[in-house]
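Annotation source Swiss-Prot lists active site, proton donor at His37, citing sequence analysis. Among the features that Swiss-Prot reports, ATP binding site is placed at 30-37, 149-152, Ile178, 186-189, with the record citing sequence analysis. Positions annotated as beta-alanine binding site by Swiss-Prot, on the basis of sequence analysis: Gln61. Feature annotation from Swiss-Prot assigns (R)-pantoate binding site to Gln61, Gln155.
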Amino acid sequence: MITSAHIDDIRTQVRAWRAKGETVAFVPTMGNLHQGHITLVKEAASKCDHVVASIFVNPMQFGQNEDLDAYPRTLAADSEALTAAGAELLFTPTPTVMYPKGLEQQTYVEVPGISNVLCGASRPGHFRGVATIVCKLFNIVQPDVALFGNKDYQQLLVIKTMVEDLSLPIEIIGVDTIREDSGLAMSSRNGYLTAAEKAAAPALKQAIDAMAAGIKQGESFEQMTEQAKACLVAAGFTPDYLEIRHAHTLEQAQNQDHALVILAAAYIGKARLIDNLRFDR
């Protein structure tokens, strides 16, 4: 696998592949990789002739008092895992490469509406940072296909909306959430959990599953939401949000809606965990 922190190196290699008529898939990450990321890379390898990955802990998407400085950097292990999974080119830019004028003078991309609810309400500016860095990476790599995890459901919709609105010729593919045996969604932030917290953490998925089951049986949104929040609190979580939304727009779900998604974010110890369930009724 070729690794470079320089934009020109990435463009040169991709141009060489393009000159031979070959296709390119892209998997952007922040590093500290787990099996969920590796699944994205393997899926990417099945879609295109070549796979490009990136590792960049993006300061623009972290708010004040968030874990930018503490976010684990594990480049050597990540590189080994990416190579084994089929990545051929790894882009590892520094903040200076991506934001040479600094964050305050950086042009940014903002996807209105869908960016301002749920995680966007709890983390102001987060999705502006996500959309900006992903747009920049797309312009550098210019892939045919880009893959993202369904665990970050709102992020996936933000990116799909950006690609559609800006007429970018890229297919965005969401890949199913990879879970531990307990049902806990794999996340780089699971490393913040103590043993006791990790044992309690599967309650997040259990609460979401119970909500969906009740809704399918005709229970009210309000009743199932309150029950699920109570279960989370009993398990040691502090809920940030737990909501039922329209699966395509993230607008508040209405009783007549069929395509639904339950989205949750909750704190346990030092970790903020998110999860979701997309379903039809």
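Cβ from N, Cα, C; glycine included.
Shown on the structure are the features that Swiss-Prot records.
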residue : record                    : CB count, 10 Å
Met30   : ATP binding site          : 19
Leu33   : ATP binding site          : 25
Gly36   : ATP binding site          : 21
His37   : active site, proton donor : 25
Gln61   : beta-alanine binding site : 21
Asn150  : ATP binding site          : 19
Gln155  : (R)-pantoate binding site : 23
Ile178  : ATP binding site          : 18
Ser188  : ATP binding site          : 18
Taking only the CA atoms, the spacing between Leu33 (ATP binding site) and the residue listed as 'beta-alanine binding site', expressed in whole angstrom, is 18
Ser188 (ATP binding site) to the residue listed as 'beta-alanine binding site', Cα to Cα, whole Å, comes out at 16
Cα nearest Ile178 (ATP binding site) among recorded positions (His37, Gln61, Gln155) -> His37
Cα-Cα, Met30 (ATP binding site) versus the residue listed as 'active site, proton donor', nearest Å, comes out at 10
Rounded Cα distance in angstrom between Gln61 (beta-alanine binding site) and the residue listed as 'active site, proton donor' is 19
Asn150 (ATP binding site) to the residue listed as 'active site, proton donor', Cα to Cα, whole Å, comes out at 11
Mapped onto three states, the DSSP assignment of Asn150 (ATP binding site) reads coil
One should report the C-alpha separation between Gln155 ((R)-pantoate binding site) and His37 (active site, proton donor), rounded to whole angstrom, as 15
